[in-house]
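As recorded in TrEMBL:
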COMPBIAS  7-22  compositional bias 'Polar residues'
DOMAIN    180-266  domain 'Strictosidine synthase conserved region'
REGION    1-22  region 'Disordered'
TRANSMEM  27-48  transmembrane segment
Amino acid sequence: MDESKTPDSSSLPRPSKPTITKQKSSWPFAFFVTVLVPVLAAILLYQLDSFDPAPLPLHELTRHVITVPTQNDHMLRVSEFVGVGNLRGPEDVAYDAKSGVIYTGCADGWISRVTVNDSAADSVVEKWVNTGGRPLGIAFGHNNELIVADPEKGLLNVTADGVVELLTDEADGQKFKTTDAVDVAHNGIIYFTDASYKYSLSKFIWDFLEGKPHGRLLSYDPATRTTKVLVRDLYFANGVVITPDQNYVIFCETPMRRCRKYHIQGKEKGRVEKFIDYLPGMPDNIRYDGDGLYWIGLPTARTLQWDIAFRYPFIRKILLIMEKYIGRPPMEKNGGVVAIDLAGNPIAHYYDPGLALVTSGMKIGNHLYIGSIIHPYFLRLNLKQYPAQAAT
Ligand SMILES: *[C@@H]1O[C@H](CO)[C@@H](O)[C@H](O)[C@H]1NC(C)=O
Ligand SMILES: *[C@@H]1O[C@H](CO)[C@@H](O)[C@H](O)[C@H]1NC(C)=O
């Protein structure tokens, strides 16, 4: 939809003009009310607000963006909608190939099962278990259970019978505030992130605006029931995936537009190194398709608005005050999904100017399924019919 289109003005009745000239004598009062008062109020709010944003490590956060060799830059036009109205913000995708069912967590607390059908309209959504929170990341355990990252509850075990059990909700004496993403290794160890120990999910934007690293990468060992902090001081620690060789866990830091890898085996165990920097957008979930590619959901592309905000803490403080009292201007666009190969090379980028707050992508058969924290459906794109193509 193009909202800039307005009806032909010549067909509208012309407004009468004289009102302004009549009030000329009282202009200082009008100026006082309409300009001076709001400006003074804004300055006062800024001075009184204790919110204290920090400078970000700008040398790591340059405006540089990697070149992705193939793109589909208008994927919304050719996407189908799955589960319209029956899914509220399906954030992550866990696919069980045996049953052909996708599990996803929604904003109303439901973990839903979506039975995939060749025809998008015939896909069936079943509300399965309600966590009483807001399930985000979802992965399969080894005993037919689902392991769920729920920002309101912590790390959960949802058994095959639908019983919800808390596994852990704190580490090193610090409670999780936004348990976000999860994956399970072959040896049963669960790797997950707490995006922020300071802000809850409803205030995640405050975390971005404050610009301090409140995120942690953690592990939970079901055999010993112990929770360990693997990496601390992360900027909004988000998506987590274990590499197919089981040597690393890859984790994404949303505002930094990067994903790094943490060695979980061998001599270098505990070391963190680069996986991919300068993504074309801010990464959310990362999932492996079993076929050589990771798929990363990008809630937004790199935008000028966020570039400026990240550069200047005082702008972030102004944005926070707006967020608190009147709402923040839109700063996200060109959301989508980027595919990265096992070596960390970008392969394909699917996005659309009209898409924002995409959180996950997963290739299932010929289709890319796309989750989001706000939309009431999965988007589905036929990758055979509408592949990403090299720019000509
Ligand atoms: C899709 O749904 C239709 C109608 O409900 C059904 O007949 C068909 O078998 C389903 N196809 C798949 C692949 O599940
Ligand atoms: C989840 O609960 C089920 C049923 O009690 C159990 O078999 C399974 O081991 C549990 N998973 C974890 C990771 O604790």
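Even glycines carry a Cβ here, placed using N, Cα and C.
All annotation found in TrEMBL is predicted automatically rather than curated by experts.
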Self-check item: pLDDT averaged over the residues of the domain 'Strictosidine synthase conserved region' (180-266)
Solution: 97
Self-check item: Helix, strand and coil totals (DSSP H, G, I; E, B; other) for the domain 'Strictosidine synthase conserved region' (180-266)
Solution: 10 helix, 44 strand, 33 coil
